[in-house]
Ligand code: NAI
C-alpha cells in the first residue's frame, strides 16, 4: 500500500461535501491503492454538522481512510495537503449584486490562498469549485506567491460532462464514445461548449448533428443546465458537481487517455489569444500530474466570438476584484 496523501475539502458539511467526501474516501479519485487523510474545513457554526458527516465516514469503515481532521482554521486544514478542494463559498444572498458576491468570496479565497501558501505541500494541486469558481481561484492564486500559479485551477469538468451527456443523448451513443470535446472560458452561462473538434467513435461529431441543434439547443442547454437543475430539484447540483470534482482531480493526477483531452479552468498563458493570467477553461491533456493546453486547434469565427465573450466576462470579474490582489 502507498503512503497516505492529504486531501483538504472546504465547505465539507455542505451539499457537495456530503457526496464528495465519500467518493474520495472510497478511492474513486486517487485510486483503490491510495490511502487518504481527509482534512476538512468548515465555518464555526457548521462544525457540529461536520462532526455528523465525520461519524458517517467512520461508519463506512473505508479501507483507504487513514485519518480525518476537522477545523474552522484554514492553516490547520491545509497543513501539508497534497490536494485542496475549495468547495465552500458564500452563496448569493437576497439583494446581493454580482460585485458584492465577488467581494464576499474574495475575502474567503484570499485567506485560503494565503494559508495554502504558508502551510500546504509545495506540490499541492488546488481545485476551486465554489462560485464564482474561476475568479475565486484567481484570488487564491494571487495570495499564494510562493506556489506556482499553475497549481490553481477551477472546475469546468461538470460543464464538460454535461456537454458529453447532451451529445451522447442526441446521437444515441455513449459518453465514453466521445472524445476531444472542449468547454472554453468561465463556469457561467457565457461558457462555450465546443464540439468542432469532438469525435464520436473517431469520426467528427459535428457531422452527426444538425447545426441548428448545436447552436440553438446544445449550447444553451449546457450553459443553462445548472439553472434547470435548481428549478427541478429545488437545490443546486451537488452529486454531479462532486462527481466532476473527483473526475477533475483524478485526471490531473493520473492523466488523460491517449488521443483524448478534458476541460480545466487554468491560468491562461495567452494561448488562443486569451488574456494572460485569467483562469479560463481550455482543452488540456494531463500526464504525470501535469497538464498542458492542447495547441494548434483551428478556431472558426463562430467559436472565436464565443471564446471572446466568455473571456470578456472573466476579464471584467478580474478587474472587479483586482484591488484586492496583494501586489496591485
Ligand atoms: P452548500 O451551501 O450546501 O455548502 C457550502 C458549505 O460551505 C456550507 O456548509 C458552508 O458552511 C461552507 N462554507 C462557507 N464559507 C466557508 C468558508 N469560508 N470556509 C469553509 N467553509 C465554508 O453549497 P454546495 O451546494 O455544497 O455548493 C458549494 C459551492 O459550489 C457553491 O458556491 C456552488 O455555487 C458551487 N458549485 C460549483 C459548481 C461548478 O461546476 N464549479 C457546480 C455546483 C456548485
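Cβ coordinates come from backbone N, Cα and C, glycine included.
Model, not experiment: these values are computed from the prediction.
TrEMBL annotations:
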type	residues	note
ACT_SITE	187	active site, proton acceptor
BINDING	11, 12, 13, 14, 15, 16, 17, 105, 112, 129, 130, 131	NAD(+) binding site
BINDING	92, 98, 131, 162	substrate binding site
DOMAIN	5-145	domain 'Lactate/malate dehydrogenase N-terminal'
DOMAIN	156-323	domain 'Lactate/malate dehydrogenase C-terminal'
Restricting to the record's substrate-binding residues (92, 98, 131, 162), give me the longest CA-CA distance in Å as a whole number. 25
Here are the binding-site residues: 11, 17. Which has the lowest count of other Cβ atoms within 10 Å? 11
So if I draw a 10 Å sphere around the Cβ of residue 92 (substrate binding site), how many other Cβ atoms end up inside it? 15
For the domain 'Lactate/malate dehydrogenase N-terminal' (5-145), what are the DSSP-based totals of helix, strand and coil residues? 64 helix, 27 strand, 50 coil
Nearest of the binding-site residues to residue 11 (NAD(+) binding site) by CA-CA distance, picking from 92, 98, 131, 162? 131
CB within-chain contacts under 8 A for the residue listed as 'active site, proton acceptor', separation at least 6: 131, 132, 133, 134, 154, 155, 156, 158, 159, 265, 281
Can you tell which of 15, 112, 131 has the most other C-beta atoms within 10 Å, given these are the binding-site residues? 112
Calculate the distance in Å between the alpha carbons (Cα) of residue 17 (NAD(+) binding site) and residue 98 (substrate binding site), and round it to a whole number. 24
Under a threshold of 6 Å between Cβ and any atom of ligand 1, which of the recorded positions 11, 13, 92, 187 are retained? 11, 13, 187
10 Å Cα neighbourhood of residue 162 (substrate binding site): matching binding-site residues from 13, 15, 112, 130: none
